[in-house]
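Listed in TrEMBL:
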type: DOMAIN; residues: 514-637; note: domain 'STAS'
type: TRANSMEM; residues: 134-154; note: transmembrane segment
type: TRANSMEM; residues: 166-187; note: transmembrane segment
type: TRANSMEM; residues: 193-211; note: transmembrane segment
type: TRANSMEM; residues: 246-265; note: transmembrane segment
type: TRANSMEM; residues: 272-293; note: transmembrane segment
type: TRANSMEM; residues: 330-352; note: transmembrane segment
type: TRANSMEM; residues: 364-388; note: transmembrane segment
type: TRANSMEM; residues: 394-415; note: transmembrane segment
type: TRANSMEM; residues: 427-451; note: transmembrane segment
type: TRANSMEM; residues: 463-486; note: transmembrane segment
Amino acid sequence: MDSRSVSSSCHHALNEPYVHKVGIPPKQNLFKEFKATVKETFFHDDPLRPFKDQTRSRKLILGIQAVFPIFEWVRDYNLSKFKGDIIAGLTIASLCIPQDIGYSKLANLDPQYGLYSSFVPPLIYAFMGSSRDIAIGPVAVVSLLLGTLLQNEIDPIKNKVEYRRLAFTATFFAGITQATLGCLRLGFLIDFLSHAAIVGFMGGAAITIALQQLKGFLGIKQFTKKSDIVSVMHSVFASIEHGWNWQTILIGASFLSFLLFAKFLGKKNKKFFWVPAIAPLISVILSTFFVFITRADKQGVQIVNHIEKGINPPSVNQIYFSGDYLLKGFRIGVVAGMIALTEAIAIGRTFASMKDYQLDGNKEMVALGAMNVVGSMTSCYVATGSFSRSAVNYMAGCHTAFSNIVMSGVVFLTLEFITPLFKYTPNAILAAIIISAVLGLIDIEAAVLIWKIDKFDFVACMGAFFGVVFASVEIGLLIAVSISFAKILLQVTRPRTAILGKVPRTTVYRNIQQYPEATKVPGVLIVRVDSAIYFSNSNYIKERILRWLTDEEERLKAASLSRIQFLIVEMSPVTDIDTSGIHALEELLRSLEKRDIQLVLANPGPVVIDKLHASNFADSMGENRIFLTVADAVASCSPKLVEEV
């Protein structure tokens with residue numbers, strides 16, 4: 001143990017009050033320090049704690065439960081939970097079936113592939129997922145993103161088979177990306193996409209998705225492949241004379257009104273949560289029956305036509321494991337997988353906090369990755385947690401992930417027996433269902449709150465929103481990520497600094513902007529640095545402190561007051577310092593010596609004080625200029641003021 005300590009006095013007068021010394025932490029073993037850092041970075045939740053002091057057989061059981069949480073909660077399963085899960089599963093199934101058919105169109109795939117993606121992935125997730133409330137399946141944003149990125153590579157109409165193969169390849173790599181992040185415990189990477197950017201991206205995607213549905217809603221046959229608002233609206237109004245079909249508009253508008261009213265009723269009275277959940281299926285049944293008996297399809301009303309019957313065919317042999325499309329599928333899969341992961345984790349954390357249980361983010365990533373890898377081999381495209389379905393699942397009283405199994409069972413029966421009945425389903429009703437579903441993604445209240453809290457966050461939000469609406473989904477995503485990283489870089493490279501003053505009738509020193517009544521100490525300038533000092537900001541911090549000093553000297557000179565003799569740097573917020581930071585302090589010290597001003601440090605943390613000694617900076621500036629508190633520094637450097645107080 002190294003028991004070094006630093007003296008903390010500027011004046012060695014006999015009557016000087018006792019001042020505490022700044023302690024120096026004992027030297028740490030380099031390997032142990034590195035091990036502790038790695039553990040805190042990747043294993044902060046201590047996942048191996050349950051395995052401590054357990055028998056070998058018990059460890060085996062715990063290991064199985066860690067990979068397959070179903071074996072943990074199934075032990076406490078009872079009839080009451082079973083009833084809740086059955087009701088919830090049937091309810092979300094009634095919602096997912098019409099949504100899946102519509103979402104597959106967003107991905108430019110045949111309707112059955114949306115249903116396939118709500119059959120196999122939910123089964124895998126039910127065994128491996130740790131969330132009790134997430135409902136798994138295709139979602140609007142990921143479907144649109146996948147469809148947009150895929151059609152940039154392959155035409156979905158002219159090269160249907162190759163397009164489908166690339167979709168399965170992207171799904172495979174999306175799953176690999178998600179599972180890899182979970183296994184390597186790199187879940188913190190998804191946190192780099194800020195909440196504000198996600199709000200803007202989701203809102204922009206919702207607008208884009210709704211605009212895309214105008215093709216089916218208005219009965220337009222020739223429609224732009226671009227997703228930006230200018231191209232879409234030009235395509236819509238260019239076909240107003242000959243492209244619109246009034247029967248289609250009547251069907252779409254009628255049932256959209258019904259769906260919005262059902263959603264309003266469900267929000268107004270929580271007892272009617274099942275109304276907006278079952279409304280899409282009712283709409284599909286009624287509109288299909290109406291088209292069938294009136295043969296409106298003969299009048300230009302576009303219908304779904306044939307949906308292939310039967311459960312998921314294997315698709316392992318359709319995945320590109322070599323060739324030019326391998327890298328393209330990998331790139332698209334990584335992007336789609338990250339967005340799907342961000343949405344699912346956000347949804348899972350939301351409902352976990354509402355029910356007061358812990359959600360293991362890394363387990364979730366492994367579960368989501370596994371279900372997408374298996375899904376890619378069984379004709380599914382990227383699936384994730386759906387917010388609308390998860391909300392219905394929660395409101396319906398689900399208790400465990402068994403509700404996903406129930407939903408999957410209903411989808412299985414639909415694929416085996418009911419798909420022929422969807423032949424006369426009008427595209428307008430699918431467009432209405434998607435429009436009503438994505439409107440919930442536009443969170444105006446969240447945007448207003450972001451504006452009130454942080455203007456830079458609002459810029460990120462609006463940048464992502466307008467990027468998606470006026471350019472494309474991938475451009476909006478790129479803007480969202482870029483602004484999020486720009487904010488991080490700005491905060492790192494331009495940390496806050498503040499001048500401190502003494503709060504009256506206390507020994508506390510605080511920011512004079514926050515506490516206008518705080519007074520400056522004559523002859524002393526006190527500056528606080530609110531960040532670690534690294535190579536990225538060390539030069540800025542040094543220059544900013546010197547600018548504070550220059551401004552203060554000019555003010556004192558104009559007021560004919562005594563000049564600055566001491567510069568005290570409050571280092572409580574400085575959690576770390578590197579070599580560049582030490583050099584910046586050395587340059588600051590030399591600059592101050594030329595001005596005949598003494599540099600004083602207050603309360604450096606254990607890491608900082610250790611590095612100050614290791615670099616010999618503490619010796620060069622003088623150990624008697626390092627203090628435990630700002631009050632101690634002022635008391636030693638300006639004793640007359642202390643006596644007056």
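Just so you know, glycine gets a Cβ as well, placed from its N, Cα and C.
Remember, it's a predicted structure, so these values are computed and weren't measured experimentally.
If you look at the transmembrane segment (246-265) against the transmembrane segment (193-211), you find fewer than three C-beta pairs under 8 angstroms, all six or more positions apart, and that falls short of contact. Ranked by the number of CB pairs under 8 Å to the transmembrane segment (272-293), the listed stretches 134-154, 330-352, 364-388, 427-451 are led by 427-451. In terms of C-beta pairs under 8 Å, the stretch of 193-211, 330-352, 427-451 lying closest in packing to the transmembrane segment (166-187) is 330-352. With a cut-off of 8 Å between Cβ atoms, the residues of this chain six or more beyond the transmembrane segment (364-388) that come close are 67, 95-96, 99, 104, 107, 109, 113, 116-122, 124-125, 128-131, 134-139, 142-143, 146, 167-172, 174-183, 187, 312-316, 319, 333, 336-337, 340-341, 343-345, 347-348, 437, 440-441.
By number of Cβ pairs under 8 Å, the transmembrane segment (394-415) is matched best by 134-154 from the list 134-154, 193-211, 427-451, 463-486. Mean predicted confidence for the domain 'STAS' (514-637): the pLDDT average there is 94. Using a Cβ-Cβ cut-off under 8 Å and counting only residues 6 or more beyond its ends in the same chain, the transmembrane segment (463-486) has close neighbours at 144-145, 148-149, 192-194, 197-198, 200-201, 203-205, 207-208, 226-230, 335, 339.
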